[in-house]
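See below for the structure under consideration.
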Amino acid sequence: ETVNGTTGEGLSLSIQERKQLAEEWVRQGKDKLDHVIIHVGALSLPESQDLARHAAAIGASGIAVIAPFFFKPTNKDELVAFLQKVASEAPGVPFYYYHIPPLTGVKIRVEELLDGIREQIPTFQGVKFSDTDLLDLAQCINKNGSEQFAFLYGVDEQLLGALAVGVNGAVGSTYNYLGRKTELMLQAFAKPDLALAQKYQFLIGEFLNFVIKLGFGVAQTKAVMTFVSGIPMGPPRLPLVNASEEFIAKAKAKLDSIAWPNSD
């Protein structure tokens, strides 16, 4: 479970709110979740360091950081310097870089970033890779297989392509409401029954393609999570606004219309 990330609108929350949420997730996740990774990225280095110290103090199993995206690092060395200053505040906690260029605009290739990263960040554990560049991803896996880094894929509609080049996990908002279907896809891929895995990916993609055309952001994701789980996710924070009733009706109808393999 990743807390205070994109879907959790972590960057729209105050530092106090982020700490409160992190504490609650660690408390509730104890003995229930394998990992509670707290996203501690921020535009301000001192704030990010403060959140890293807090995550370590409450017993988080990992921390993750996005690249700062207003004043942006322009090369690998600047980015690593920033990440290192955050990671060193939580020296006992596994550290993940959260690579999401569509939102940060920081396009520094991860393959390049990984060169010698353990020397500078001893706690470096892996990457949440939320980009469509499967060449970069494949090179990361090819070069760092021996290092045992985790590569967690974050573009849900392309997970099967990422599995084919060797990712060892996924973190994404879609799994909050299509988690079982994705799990069945993973099982099919592991068998390997590629045709069945493709079927699942195509159907997940059919739903996502449909909602993306309607306008699919974090607010809409929360609306889908709400009607699938029955647990109200609450409104997003401005500048995001609630999903429309029309969106909810269309998304629900689309999801209900999908005939999944071997489904009852």
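For all residues, glycine too, the Cβ spot is worked out from N, Cα and C.
Per TrEMBL, active site, proton donor/acceptor is recorded for Tyr98. All protein chains shown were included, and the count of other CB atoms within 10 Å of the CB of Tyr98 (active site, proton donor/acceptor) stands at 25.
Within the same chain, the residues at least 6 positions away from Lys128 (active site, schiff-base intermediate with substrate) whose Cβ sits under 8 Å from its Cβ are Thr2, Ala64, Tyr96, Tyr97, Tyr98, His99, Ile100, Leu152, Gly154, Val171, listed in sequence order. Summarising the annotation, TrEMBL assigns active site, schiff-base intermediate with substrate to Lys128.
Residue environment of Val171 (pyruvate binding site) contains 22 other Cβ atoms, counted within 10 Å of its Cβ in all protein chains. According to TrEMBL, the feature pyruvate binding site maps to Thr7, Val171.
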